[in-house]
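Positions annotated as ATP binding site by TrEMBL: Gly22, Lys23, Gly24, Gly25, Val26, Gly27, Lys28, Ser29. What TrEMBL records for Cys196, Cys199 is [4Fe-4S] cluster binding site.
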Amino acid sequence: MADQGISKQLAKVKHIILVLSGKGGVGKSSVTTQLSLGLVHQGFKVGVLDVDLTGPSIPRMLGLDGKQVHQASNGWVPVYADEKQRLCCMSIGFLLQNKNDSVVWRGPKKNAMIKQFLQDVCWGELDYLIIDTPPGTSDEHISVVEFLKAFNPDGAVIVTTPQGVALADVRKELSFCKKVELPILGVVENMSGFVCPHCAECTNVFSSGGGESMAKDYGIPFLGRVPIDPAFTSMVEAEGDGSYVNKFETSNLFPTFQKITEQLTAQHTK
């Protein structure tokens, strides 16, 4: 049975997608950010819930460092990242007195915080709620899936890098999804090549194709390869001015995520 508080806040959310990876450092939050911006470009209204409680990076990615969450009569109002208010975000990063403060919590407190995010944030009408999770298959993942089970989330986007050491951990995430009966919408192979900042040519510095091969082995959709783009880092690092949100459509990675989001929306039209 669904929690009444969660039911109330998610009542007008059409689609829920979790972004998962069994490995840390694969760029899961950057993929979450660009998936969300890609969906906004398609005309959808999108919310991003950052449940990486010990490493919340979504506020920085969206240029929202230093912003605060406001309390309304029926819960927290998420922070908007754009003037048209088509992209909003909730993260523990907005609740810390200092962005450099560490969150040192045991599992039960993390689970309680996740439940509070789901039942107390006033998302309103959303086409998509994208949930950025921490790496691994820990308490936070189990809690999110259990809390959302009654709402039939569309599924998970799995993020990996091409190298074998990352793929080995990501296979555990695929096993996790199977055990908790969470559909897998597809695999994104991140950091697949390097985009030269001078000529925009893409070179396979590490390797390429590992994510696609894994997706084929497991019979799940491969959504695409995302190269390393120094321009993305430069715009995100511009201190809190939302540079990447404003310049996403002119970025080198925009065509890549346009194709990825088109595949996602084609899969689960309700």
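Placed from the backbone N, Cα and C atoms, the Cβ positions cover glycine too.
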Nearest recorded site to Cys196 ([4Fe-4S] cluster binding site) by CA-CA distance, among binding-site residues Gly22, Lys23, Val26, Ser29:
Val26
Just how many other Cβ atoms lie inside 10 Å of the Cβ on Val26 (ATP binding site)?
24
Report the residues of the chain - excluding Gly22, Lys23, Gly24, Gly25, Val26, Gly27, Lys28, Ser29 - with C-beta within 8 Å of the mean position of the site's C-beta atoms, for the recorded ATP site, in sequence order.
Ser21, Pro135, Val159, Thr161, Ala166, Asn190
Least Cβ-crowded entry, counting other Cβ within 10 Å, from the binding-site residues listed as Gly22, Gly24, Gly25, Gly27:
Gly25
If you skip the near sequence neighbours and keep only those at least six away, which residues in the chain come within under 8 angstroms of Lys23 (ATP binding site), Cβ to Cβ?
Pro135, Thr160, Thr161, Val165, Ala166, Asp169, Val170
Which residues of the same chain, at least 6 positions away in sequence, have a Cβ lying under 8 Å from the Cβ of Ser29 (ATP binding site)?
Asp50, Asp52, Ser57, Ile58, Met61, Asp132
Within 10 Å of the Cβ of Lys28 (ATP binding site), how many other Cβ atoms can be counted across all chains shown?
25
Cys196 ([4Fe-4S] cluster binding site) CB neighbourhood, other CB atoms within 10 A:
13
